[in-house]
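Asks: Structure below; questions to follow.
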């Protein structure tokens, strides 16, 4: 097969591993900087151009779309879908997962475990917003934040009110969530490929840090999932329509709750913690899907 990896940096671990896995399985691979692509949007022959030339017809594309380029990145993915390429994750599914509010509403609709959450822009009763999720301590998040940026733990109701007021001052959309104290600053990253959890790791925040992101100094280790945790991760991926994703869970007193579904999960942490060849599993998934006609759900209609 001819495969394109949409990535802004060919030296990144995840990009390199996907390229190595695809080449090892006998495929042709191009790495294309998503932002340097430009599109010819015509009704008879849509195309994507790069470095002054139209890109060839790819059997499959692997989008590695960073949060900061979601709008343009998903437009490029959608253009490839219109050209008939199979996308590991469809443009519409990536867009769903990047919108924190929309993704939580979709998970809620499917009855998937979530922390108690409030959403606001300019609430007329901040005290009620905080009380409605159980009161302090609460976690307050900027809707557009990534990698733990824009996430604040408020230990008291007064502190929570002050933080909400500060975010209101910059006209930000915010999420207010119950703090799952029993998780102990740890979460579980479940790596889902093709409707199955293929690897899982427990990420522990640095001492004194409630955020467990590896970018913030957290550590990772192999973890054994319960059947309920495994089913929750698979259901969350399905609710987003994502074939490949990282589902972040917290172990709460009332069962696993989903914190985030990541459409472009990194491979370095999960492969190091589990010693599993996740990149190879992704390429194998593409091979299996390409053997079936019409394997892209929306075929670019999204």
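Including glycine, each Cβ sits where the backbone N, Cα and C put it.
What you are looking at is a predicted structure, and each value in this text was computed from that prediction instead of being measured.
Residues or ranges marked as domain 'ATP-grasp' by Swiss-Prot: 104-287. Taken from Swiss-Prot, the feature ATP binding site applies to 141, 178, 179, 187, 211, 212, 213. Residues or ranges marked as Mn(2+) 1 binding site in Swiss-Prot (evidence: sequence analysis): 248, 260. What Swiss-Prot lists as Mg(2+) 1 binding site is 248, 260. The Mn(2+) 2 binding site annotation in Swiss-Prot covers 260, 262. Among the features that Swiss-Prot reports, Mg(2+) 2 binding site is placed at 260, 262.
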Asks: With a 10 Å radius around each C-beta, find which of these binding-site residues (178, 187, 248, 260) has the fewest other C-beta atoms nearby.
Replies: 260
Asks: In which DSSP state, out of helix, strand and coil, do we find residue 262 (Mn(2+) 2 binding site)?
Replies: strand
Asks: Nearest by CA distance to residue 248 (Mn(2+) 1 binding site): which of the binding-site residues is it, out of 141, 178, 179, 262?
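Replies: Answer for the nearest of the binding-site residues: 262.
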Asks: Please tell me which one of the binding-site residues listed here (141, 178, 179, 187) sits closest to residue 262 (Mn(2+) 2 binding site), measuring Cα to Cα?
Replies: 187
Asks: Between residue 178 (ATP binding site) and residue 260 (Mn(2+) 1 binding site), what C-alpha distance do you get in Å?
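Replies: Spelling it out, the Cα of residue 178 (ATP binding site) and the Cα of residue 260 (Mn(2+) 1 binding site) are 15 Å apart.
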Asks: Within 10 angstroms of the C-beta of residue 179 (ATP binding site), what count of other C-beta atoms is obtained when all protein chains are considered?
Replies: 20
Asks: To the nearest whole angstrom, what is the C-alpha distance linking residue 141 (ATP binding site) and residue 260 (Mn(2+) 1 binding site)?
Replies: 12
Asks: On the three-state reduction of DSSP, what should I expect for residue 248 (Mn(2+) 1 binding site)?
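Replies: In the DSSP reduction, residue 248 (Mn(2+) 1 binding site) maps to strand.
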Asks: In whole Å, note down how far the CA of residue 260 (Mn(2+) 1 binding site) lies from the CA of residue 187 (ATP binding site).
Replies: 11
Asks: Within the domain 'ATP-grasp' (104-287), what mean pLDDT does the predicted structure show?
Replies: 91
Asks: Take the Cβ of residue 262 (Mn(2+) 2 binding site) and count every other Cβ within 10 Å, whichever protein chain it belongs to.
Replies: 20
Asks: Would you count the other C-beta atoms found within 10 angstroms of the C-beta of residue 141 (ATP binding site) for me?
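Replies: A count of 22.
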